[in-house]
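Notes to accompany the following structure.
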Amino acid sequence: MDGSGDLAFPALVAARLLLAFAPLPDALKYDQQLSSPLTSYSRLREGIYLFQHGIDPYSGGAFRHSPSLLSLFSTVLPLTPYTSPILWTAADAVAAWALVRIWRLRTGAKETSRDGQIAALYLLNPYIFLPSLALSTSSIESMLCLLAVMFACRGRASAALFALACLVQLSLPAVLLAAPIILLTVTRPVSRLALPQPYHAQWKRIIPLLAEFVGYTALLTFASTVVCGNWLWVEKTWGATLTLPDLTPNPGLWWYFFTEMFDHFRPFFLMVFSVHLLIYIAPLCIKFQHDFLYATFLLLGVQALFKPYPTLSDPGLFLSMFSIFPEIYPYLRHPIVTALIHLHASLLLPLFNSLWLRQGTGNANFFYASTLVFGMGNGAALMDAIWAGLRVAVGELKEGYEVAQE
Amino acid sequence: MNGARNVLAKLKQKLRGQGDPSAAKIRRQRALREKIWKGLPFIKLLLFTVGYIWLLVLPSSQLGQGTYIDENALQPGQVNTYWNWGEVHHADRILEDLEQLRDRNATHDEIARYVVTEFEKYGIPARTQSYSFDTIGGEISGTNAYGVLQAPRASGTEAIVISASWLSRTGEGDGTLNLRGVSTVLALAKYLKKYSLWAKDLVFVISDGYLDGMQAWISTYHGETQPNMRAEPLTLQSGVIWTALNIDYPGHSFSHLGIFFEGLNGRLPNQDLMNSVSLISRYTVHVPTLVYDHIDPREDRSQPDLLPAWLPEPFKHNRDVQEYASRAKNIYRHMNYQARGAASGVHGLFHQFRIDAITLFAVPATGPHGFHALGRILESSLRTCNNLLERLHASFFFYLLVAPGTFMKIGSYLPSAILVGTAMLFTGLGEWVKAGWTISPAGVPSSEGVQSEKAKPKDDKRKWQRRHRPVLEPVAIMVLTHILGVVLFLLISTSWFAANQKIAGPITYILFTAIPFMASAFVPRAPSSHASIPSVLKAFNLCFTSAIISITSVLNFSLAATLAVFLGLPLTLASPPPSSSPLSARVAKYAAYSILALGWLVLCPEETRKAIWNWEVLRVWFAPFVCVVYVPLVMQAGLVCLLPS
């Protein structure tokens, strides 16, 4: 790393730490775009309080965090007004560091001039630092996700799978990432987008890894059950992502749909929405079998778009990961349109939320419309990333030629 | 089956043309792209023209529709009113007392204590609340008085506020006293106490000053604190306030009832409330209603003519032209309040807490109406509010009230600003595309960029070539100008600025014009093979402005329309100068933009002072918006003209 990069990272983290301790309005912690019922800080505090007073936090409807967070924050790392901002900034710093490591592993270089830029694009991305200021546990999920990818890039299978198993404890949809991350551990993370080659599956290596992942998940699940003393937590945490019991508005696409739906259609559409998330894994992993890091990136984009309880962190993670794939930039078809949709969406989301819930002059449809714009922005980014990722392989075109999509 | 397939295949062939479908698709896309690119100037022109014409057509008599009551529970005007001359006599007695207090220059405390004593006489618990605001122009203090009449029929979880401020809204609080308004509220309190039909608590508030007293009272009521406000806590509590009526009766008698409705930050009350009051006023009590205090010269010959004198006679007598002039006057006044985020009366302070409120303004005249008519209007209106089962929600929250009884829905006025915004968006995107391509002379192979895909087969001599567009530099310039805007705002909200505004205004103007000018010398020049920084800056500036206009339009249409007028053409016309243009020409253009951006510092000191007062005391975000959003956007356009390409 050159001199400026050396300084850039600590400076960025220091700036973020200052921001975390800045006197910000308390309303941020209750903002529906920054924390969902599954990641809200105030609900976490309430759960810990109940737990420490001998009441099962999962017997009510408010607490939906994983028991691992419960045990972690009620014993080793107590949450106080002083520790929490430090913990959350540290989570973001670790995530940014992991992202820089992924970039270095991808280029094969020890230090590059873009290191500082990549860290800045993560730490200063408003979609990432705002949820972190609101102390939403989605920041911790992003960190675990990037750690899992980073270890997978390094070929450290056990660490990667353990990080992924922890992530699945916090957020069930992350299980979608198991396939590309396992495949990433057995391949190399260097960019092969320009030179696609068929991948010959090494089942002998993959199956034990899959078993290891299942083993870690089982272990953590067992530990959680021991912590809670019963199985109630499964329904309250993992079950929530499948049955959507809490319809608090969020920037995702699920809540409004299920608010409006008649009850007898609910189970069917819950199944459709959940299964729909699964159908992307195989096609993306097959199409990008030469570059599983890219497949992981795209699946993160799919999750950010279609997850049941997203916060701004999820699209933020996807967008910040664009920084480690500079080879696709010349082939993006409509980056400025995507950027403009995101600009509009990020202004409309808080505005329509307050028109509906604070000023009272709007209604739920206003906010829903803004989440649709936001979904369009994320969808445009995802589609463009898929196109550009495939288009790289064709390379520069000769005079009079053009690439078409069949 | 087979036949059907054949037919389908033929149809497909006919639609898609012969040959490879992909090739056809590419051809189609190219043709479309070329058409859009060629038509872009025309599309832009069309959008701008339609947008601006739409803005001009808003007052036309062809637009708009009649107001109506949407909430069935309201049932306005369905009750008998019993307010009578006995109550009028009582109001007159109170007025005499108030006049005495005025004549001996009674203090705020004395007046408030008098009001509390009156309330207690009627058996209504009442208290005073003293408050003070620290502003950069000095301290404002006063004492409010309020009484709470518990609902005899319900638990008191909901409340209606009936208020009058000590100062009338005449001249936006120029010091005219609202003595008759205060007497009306007090007389009404005594009268309403007699009835047992109230399902909501009635809260009577006599606020001191014009806006400051109510701001202290209403924010304390909702437990809000403000760093520069000190206010006594309220010892009498009531429930959630749903509606509020503010009474303003400055004259001796009145001829019309004017309705004022704009709240802080451009929030409007639900239309059902004003429609009910105006219905009751017109049909139960036979008092004509007005939008604001605009008496139509067509009704009253003594009013000044709205149409300019130079207009030919036939136009002056044309009904449509007269209607246009009268509606334009209303819309202009509305935009003036809404765009500045200012409240048009004390009612505007309620809106921030989701309370629908209006001011009933008794337009001063020699007759024929007085306490008798106003009391009946209020009694009937309160009965209507009392009927509500939930908050007002059915009718419109976004509207333009163009005439008494006529309004425009959001769909009929919103597109005007949005179209101007869209035109700017298209201009910005066009600039972005233009910045990315350059024509290179034939035979010189380029070292940079991807080979053109757009090469025209017809013209072999010249080739379109892609070039690199700098992104980080223009974004950095934009961020820095907005940071400079924050600094500007912090500067003008200091007490130093307020104390020496005459000198400080021009100094600030020169300073903030000079800083970007000096800083522009440090902006690096892009290599000649790259797109120039000002061209990309212009693209981003236009796209960002268009986003601001379209998004503000939903929140505050008047502000968006004002931005569309002030920013639309000026920002579009800013163009990077040719590299040969002399420095003086560029500086002249930059200076012109700096006047558009910061001229208000010198030209409208009074407006500036008011905007800062509104921010300090009432938290109206117009002043910060102008400094942090508007000024930087115009300065960016100035920099587009200034920076060497």
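Placement of Cβ uses the backbone N, Cα and C atoms for every residue, glycine included.
The signal peptide annotation in TrEMBL covers A:1-27.
Under the heading transmembrane segment, TrEMBL lists A:86-103 (among others).
Annotation source TrEMBL lists transmembrane segment at A:124-152 (among others).
The transmembrane segment feature in TrEMBL is assigned to A:158-186 (among others).
Annotation source TrEMBL lists transmembrane segment at A:207-233 (among others). With a threshold of 8 Å between CB atoms, the same-chain residues lying at least 6 positions outside the transmembrane segment (A:207-233) that come near it are 56, 58-59, 66-68, 70-71, 157-158, 161-162, 164-166, 168-169, 178, 182, 185-186.
The transmembrane segment annotation in TrEMBL covers A:253-280 (among others). Listed by sequence, the residues of this chain that lie at least six past the ends of the transmembrane segment (A:253-280) yet keep a Cβ under 8 A from its Cβ atoms are 173, 176, 241-244, 247, 298-299, 302-303, 305-309, 364, 368, 371-372, 375.
Under 8 Å from some Cβ of the transmembrane segment (A:292-311) lie the Cβ atoms of residues 33-39, 102, 106, 131, 136, 138, 145, 149, 153, 173-174, 176-177, 180-181, 183-184, 187, 189, 193, 240-242, 244, 250-254, 273-274, 276-277, 280-281, 284-285, 317-318, 321, 325, 375, 378-379, 381-382, 385-386, 389, all in the same chain and six or more residues away from its ends. If you look up TrEMBL, you'll see A:292-311 (among others) marked as transmembrane segment.
If you look up TrEMBL, you'll see A:331-352 (among others) marked as transmembrane segment.
The transmembrane segment annotation in TrEMBL covers A:364-390 (among others).
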#### Entry: Positions whose Cβ lies under 8 angstroms from the transmembrane segment (A:158-186), at least six residues beyond its ends
38, 65-66, 68-69, 137, 140-141, 144-145, 147-152, 199, 202, 205-206, 209-210, 212-213, 216-217, 219-221, 224, 237-238, 241-242, 277-278, 280-282, 284-285, 289, 292-293, 295-296, 299-300, 302-303, 307-308
### Message
If we skip the immediate neighbours and take only residues 6+ beyond the ends of the transmembrane segment (A:86-103), which ones have a Cβ under 8 Å from one of its Cβ atoms?
### Response
9, 12-13, 16-17, 20, 77, 79, 112, 114-115, 118-119, 122-123, 128-129, 132-133, 135, 139-140, 142-143, 146-147, 149-150, 153-154, 189, 293, 320-321, 323-324
